[in-house]
Amino acid sequence: MGRGRVQLKRIENKINRQVTFSKRRAGLFKKAHEISVLCDAEVALVVFSHKGKLFEYSTDSCMEKILERYERYSYAERQLIAPESDVNTNWSMEYNRLKAKIELLERNQRHYLGEDLQAMSPKELQNLEQQLDTALKHIRSRKNQLMYDSVNELQRKEKAIQEQNSMLSKQIKEREKVLRAQQEQWDQQNHGQNMPPPPPPQEHQIQHPYMLSHQPSPFLNMGGLYEEEDPMAMRRNDLDLSLEPVYNCNLGCFAS
């Protein structure tokens with residue numbers, strides 16, 4: 001006899017229900033993978049357990065891309081066939097769509113942070129790992145580019161500072177050279193002003209007759225001693241007669 005048709009109904013035993021759910025879920029994911037490989041189709045499968053736990057499967061394409069594609073397609077068709085009276089309904093559906101998208105993004109964010117990974121299959125974990133590796137490559141590439149640009153900017157500033165220092169050093173040397181030349185010129189002028197004037201030549205000097213009186217001549221001191229060294233003593237001599245006029249007078253008398 002052939003096997004009878006199994007009646008589908010809710011399994012009352014919680015343990016049996018959980019075991020059946022795990023087996024059927026694995027078989028369903030396997031069938032989805034087979035159809036995606038054999039038929040080259042994009043498949044997205046979402047399953048929620050009776051406790052609200054999420055299980056999903058997608059092909060090599062990202063789950064978000066498949067859902068966005070489905071939403072665009074279904075929303076465009078609904079817009080074509082929906083009457084104007086269903087505008088409020090469309091807004092409600094749009095709200096639900098955005099809400100589901102936010103929940104999906106939050107879940108992916110938790111996955112990227114390494115949280116809530118228990119419900120993910122090995123295939124999903126592998127896809128997540130590939131996405132993280134790609135993100136790390138982009139991050140490292142961007143970081144290296146920023147560091148390279150920063151080094152080039154610092155080198156450019158260093159070159160500009162070196163050129164400025166060279167120009168300032170050249171200006172300082174030129175200024176010192178000018179100051180040194182001015183100092184030498186000033187020293188030469190001061191040296192020429194401090195030198196005594198040269199004495200007049202002796203052979204061209206003419207003695208005036210009246211200058212002969214400054215030559216020493218014999219004196220007759222009748223008031224006291226004469227000291228040539230002390231000028232004050234000369235004032236104490238009331239009578240200092242020169243012998244030269246007397247001598248000249250006597251010679252004149254004898255001659256007459």
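Even glycines carry a Cβ here, placed using N, Cα and C.
In Swiss-Prot this protein carries:
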- 1-61: domain 'MADS-box' (DOMAIN)
- 88-178: domain 'K-box' (DOMAIN)
- 180-206: region 'Disordered' (REGION)
Could you give me the DSSP helix, strand and coil counts for the domain 'K-box' (88-178)? 82 helix, 0 strand, 9 coil
Express the predicted model's confidence over the domain 'K-box' (88-178) as a mean pLDDT, rounded to an integer. 89
